[in-house]
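What follows is a single structure, written as structure tokens, with notes after it.
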Amino acid sequence: MGCLAFLKDFFLGFWDYETPKVMVVKDKKLGVIYRAVQLLILTYFVWHVFIRQKAYQETETRPESSVHTEMRGVAMLGDSVQDTTEYVRPSEGFDVISTILRREVTHDQTQGMCAEHYSVADANCTKDSDCTQGDVDFDGHGQRTGRCIPYYNYTFKTCEVRTWCPIEEYAAVSEPAMEKAINFTVFIENAILFPKFKVLRSNIKPKKRKKLERCHYHPDTNPYCPVFRLGFIAEQAQEKFSELCRTGGIIGVFINWKCDFDKDSSKCIPTYSFRRIDMRKNLPSSEYYYRFAKYYHKDGVEYRTLIKAYGIRLDVIVQGYAGRFSLIPTIINTVTAMTSIGICSIICDWIMLTCIDRNEVFSEMKFDDVSKNPDEPITTDFTLTSYGSTHSDLSDGVPL
Amino acid sequence: MGCLAFLKDFFLGFWDYETPKVMVVKDKKLGVIYRAVQLLILTYFVWHVFIRQKAYQETETRPESSVHTEMRGVAMLGDSVQDTTEYVRPSEGFDVISTILRREVTHDQTQGMCAEHYSVADANCTKDSDCTQGDVDFDGHGQRTGRCIPYYNYTFKTCEVRTWCPIEEYAAVSEPAMEKAINFTVFIENAILFPKFKVLRSNIKPKKRKKLERCHYHPDTNPYCPVFRLGFIAEQAQEKFSELCRTGGIIGVFINWKCDFDKDSSKCIPTYSFRRIDMRKNLPSSEYYYRFAKYYHKDGVEYRTLIKAYGIRLDVIVQGYAGRFSLIPTIINTVTAMTSIGICSIICDWIMLTCIDRNEVFSEMKFDDVSKNPDEPITTDFTLTSYGSTHSDLSDGVPL
Amino acid sequence: MGCLAFLKDFFLGFWDYETPKVMVVKDKKLGVIYRAVQLLILTYFVWHVFIRQKAYQETETRPESSVHTEMRGVAMLGDSVQDTTEYVRPSEGFDVISTILRREVTHDQTQGMCAEHYSVADANCTKDSDCTQGDVDFDGHGQRTGRCIPYYNYTFKTCEVRTWCPIEEYAAVSEPAMEKAINFTVFIENAILFPKFKVLRSNIKPKKRKKLERCHYHPDTNPYCPVFRLGFIAEQAQEKFSELCRTGGIIGVFINWKCDFDKDSSKCIPTYSFRRIDMRKNLPSSEYYYRFAKYYHKDGVEYRTLIKAYGIRLDVIVQGYAGRFSLIPTIINTVTAMTSIGICSIICDWIMLTCIDRNEVFSEMKFDDVSKNPDEPITTDFTLTSYGSTHSDLSDGVPL
């Protein structure tokens, strides 16, 4: 075939329409199976993939989020009044905020020399030679001076150390817990932006900000008021507040945005859930505390008030998910659905050829055997009948 | 058929090649429609999916990011000089950093007893019996002592409370805003690692670190200098700096990495955008402030200086996206594209069978009817002609 | 055709089963190619997609994570004892924690008037008129008073400024580094929740919490002990600890959860990796430091101790990935696999029609040409033979 002829053929052939030849099997049983399987797959795609999973939407799962927290409330902790300045740390209102509920305070510590705690390894002594000068024990309080001195106003002796004196274990005053904090409130403001959809949402209704000061969150009656009582949070996290006061704990505040922007975006309001996240099961000793100090000077010497603070730490964790109709995923999923429906053919072909096709009528009709050998007569539908049985049904199991 | 014969058949049949029989319709109109639809879908995939969406790339959307912030600048705030130690909180240079722009300072507070603020519920009194001893009002400042005393140097009386005295509302001194802070700069260092691609990028050019001290960011002339004037940030966020000084606000600093590692990775530089993220529309009262205290001791008594700080909080939010050629998504998307082109057949079959096929020539050729009943004569292309019309075109609407 | 007849046809046709007619080519060479390509694609899907990529699983990549950090250790820094209260900032135990390793301390600063540093632009002067009153230099320390005074106990003069006096550059005392901090430990507790699978995991074995106090992490012998020596961290990050002491640095602590919940979920334990994340190559001057102050009052005047702290900042970055068998991705990926195997046909058709089909036996069998013109005789397999060559093989390259 010359090049020109080839091009001409190609050009003529290019505008031909090609469509597969189809065999129509007039068999009710097979037809019902075929349609049933199709229906099943169709139902799955329409109901689960399109209606439940919303596969026609493009989604956004990494929204930009900003959190601002603020606590309110005042209570007595021992003899002193605690306002937010005192019990909230850090004060800047980030997405992690902690409330002090109980304190062990060591007053008037200053750098000096005093007795090591008796529980520290090798700290108990009877004479100076028991204490190696310059040693710094990892679990101890400081550097040993090499002297063996009485343990404060007790009769036994321990090694002297250079440290903040007196040591916390001896001098700390454990204050009663601030049980009244159960009524403290935390205001959690959360603005969220879905950059793909250019939708900005907040968990506060714009016009209602003034009213927020006195409201309390309730999922049904007050979903737009992000003011939570600590007691409510503890209850939702299935923790006893009095227990939390004693040991402290970390509670996750999960803000869940699940938005469907095909509906009115004003219906996109978050849900809140609370869960203790530092908990290990069957473990009574899980605690959350941290130490900080307030410094002051007296007669030119630096003193500190060391505070071991037990409290609730709230970690605000924002999770967003939004979807909106988009042509591309719709097309892709429709194509996938259609392709999947093609599986019917494989199943039904297999049923037809193995179960129904007793007289090999169908396989003779479906398969045209053709041999490469040009000397053999060209096999057609008519001549084919004679060796239709050489065709293996099983090799058809793998689809083409 | 015996088992051996079956196996032999299977083995012989296994190496046969099966290909669908195709009907070529020599109809120009249909051919043009067919090729046009194919072209449309092909164009969509090549242009949108492959060129624009870069479907041949595997992507990474969760890079590891590290942010280090540092502020510079010094200004007078009232009578006192403010350096970064004073106005930056927290000082450690995390991805959230706040600058104090205006302060309301309450000096020399100490725990004691003084008059409650008159706006607190039931705080106004005329005699001691108006004040219940031991009450702690949620919105108040502390625990009532049960006495009714004059409100500081005023003539009216309120209940006395045990609190930090004097109360902030009475004693706070509002300082002028630090307007000069418009020239303060914030240096934002951001290193990002795409673990899948093992590429580490920074928003600073390695060799130019020394020069950073004096440069200012500009998207065109200085994209590698991540030093931003607060005034520039406010302007980009479309906020008035003087307004921010008054009320405070939270501004998101979005660092966007969109990298194509098929190109030179040194071309992967971030863009910055700024947006106020605590804003609700039409709401003049949006504020950002927090309170903290500086503690000191005088004559053995703890005093504090309470500071209500209005300022700008910068939340640095890093978003990364990178892609690089990969065989797997390329194959998968190519297969999807080819499958989608198969839709043409469904459309064109439908056109052919309903619109063009007036004399049912095509449907007779395309469809081979066969009945299961072995007593019926085997229907072939020749005998089929007579009841070709019983075939329903519509049932072909659902693809196989 | 009447409406009723049409409906009847449709109903009858609806229950017909349609299956493509297939040509079986008895050609060993082609069969081998066909099966080989099928095997190749099948192997790829079974081995890579299903076994290695676990495409039968649904995955969760955004787990909820909570981090709690705590440092332990005590050491001498110059003359003073440093316990965790002193060297850990912030103290609350968030996912970013910094340890002070070296300090430059400026004692007894107070707001007043003193000489500007000589390196500041235009700060050097000989007479008062060299200093403009009220100027605040951006890189300087405060507002100029307009006087030219001796630079502390030196002979040259600089402009006087209103600032915290004395200035840090003159008065700062550089303390030796706390090299002993190499033995400090950081305890990193990480609880992780995969919401989709409702599995909560912690990096601590519940029952072993008591033993944690003395253990050290080792990937092989002690994977459940998340207590890391600072020296171990530096070593893993390939940094010299003594160098870090001098300059400070930010090290990322990456906790990687890669869980397969088809196996026992107790086998889901994290791996840790450490990498310096503020580093730019070939850059000796990369530093991490920040300034903070301790405030105190003396004779009614506020003083501060300014501390420039060099240290290690640990950024705990949690990355989670979990998978579990799910029907939906299994089906979808199986369908994709089957569709991909269909590509074999395209390849083999092309080979068959161009390479093997010398006598156009196959193309005659595969393609049924049909013309729309009803006046032409209906073309069948028999009459087709004569102009089979007009069919273009290439137009078949695009699949249908």
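Placed from the backbone N, Cα and C atoms, the Cβ positions cover glycine too.
Annotation comment: TrEMBL describes B:Cys114-B:Cys165 (among others) as disulfide bond. Taking the Cβ of B:Cys165 (disulfide bond) as centre and 10 Å as the limit, one finds 22 other Cβ atoms among all the protein chains shown.
What TrEMBL lists as disulfide bond is B:Cys125-B:Cys148 (among others). Secondary structure from DSSP puts B:Cys148 (disulfide bond) in a beta strand.
The disulfide bond annotation in TrEMBL covers B:Cys131-B:Cys159 (among others). Mapped onto three states, the DSSP output places B:Cys159 (disulfide bond) in strand. Take the CB of B:Cys159 (disulfide bond) and look out to 10 A: across all protein chains shown you find 27 other CB atoms.
Counted within 10 Å of its Cβ, the other Cβ atoms near B:Asn183 (N-linked glycosylation site) come to 16, all protein chains included. The DSSP secondary structure for B:Asn183 (N-linked glycosylation site) is helix. Annotation comment: TrEMBL describes B:Asn183 as N-linked glycosylation site.
Within the same chain, the residues at least 6 positions away from B:Thr185 (ATP binding site) whose Cβ sits under 8 Å from its Cβ are B:Met71, B:Arg72, B:Gly73, B:His216, B:Val227, B:Phe228, B:Arg229, B:Leu230, listed in sequence order. What TrEMBL records for B:Thr185, B:Lys308 is ATP binding site.
If you look up TrEMBL, you'll see B:Cys215-B:Cys225 (among others) marked as disulfide bond. In the three-state DSSP assignment, the secondary structure recorded for B:Cys215 (disulfide bond) is coil.
B:Cys259 (disulfide bond) carries a strand DSSP state (E or B). Close to B:Cys259 (disulfide bond) in the fold, though at least 6 residues off in sequence, lie B:Phe194, B:Val199, B:Arg201, B:Ser265, B:Cys268, B:Gly320, B:Tyr321, B:Ala322, B:Gly323, each with a CB less than 8 Å from its CB. Under the heading disulfide bond, TrEMBL lists B:Cys259-B:Cys268 (among others).
When Cα-Cα distances from B:Asn183 (N-linked glycosylation site) are compared across the recorded positions B:Cys125, B:Cys131, B:Cys225, B:Lys308, the shortest belongs to B:Cys225.
For the disulfide-bonded residues B:Cys114, B:Cys148, B:Cys215, B:Cys225, a Cα-Cα cutoff of 10 angstroms around B:Cys131 (disulfide bond) retains B:Cys148. Nearest by CA distance to B:Cys225 (disulfide bond), out of the disulfide-bonded residues B:Cys114, B:Cys125, B:Cys148, B:Cys159, B:Cys165, is B:Cys165.
Proximity to chain C (Cβ-Cβ distance under 8 Å) holds for the following recorded positions out of B:Cys125, B:Cys159, B:Cys165, B:Asn183, B:Cys215, B:Cys225: B:Asn183. Reduced to three states, the DSSP call for B:Cys165 (disulfide bond) is strand. Here B:Cys215 (disulfide bond) comes close to B:Asn222, B:Cys225, B:Val227: these same-chain residues lie at least six apart in sequence, with C-beta atoms under 8 angstroms from its C-beta. When Cα-Cα distances from B:Cys125 (disulfide bond) are compared across the recorded positions B:Cys114, B:Cys165, B:Lys308, the shortest belongs to B:Cys114. A coil conformation is recorded for B:Cys125 (disulfide bond) in the three-state DSSP classification, outside any helix or strand. Just so you know, the Cβ of B:Cys268 (disulfide bond) picks up 18 other Cβ atoms within 10 Å once every protein chain is counted. Between the CA atoms of B:Cys165 (disulfide bond) and B:Lys308 (ATP binding site) there is a gap of 16 Å. B:Lys308 (ATP binding site) has B:Cys114 as its nearest neighbour among the disulfide-bonded residues B:Cys114, B:Cys148, B:Cys159, going by CA to CA distance. Within 10 Å of the C-beta atom of B:Cys131 (disulfide bond) sit 23 other C-beta atoms, taking all shown protein chains into account.
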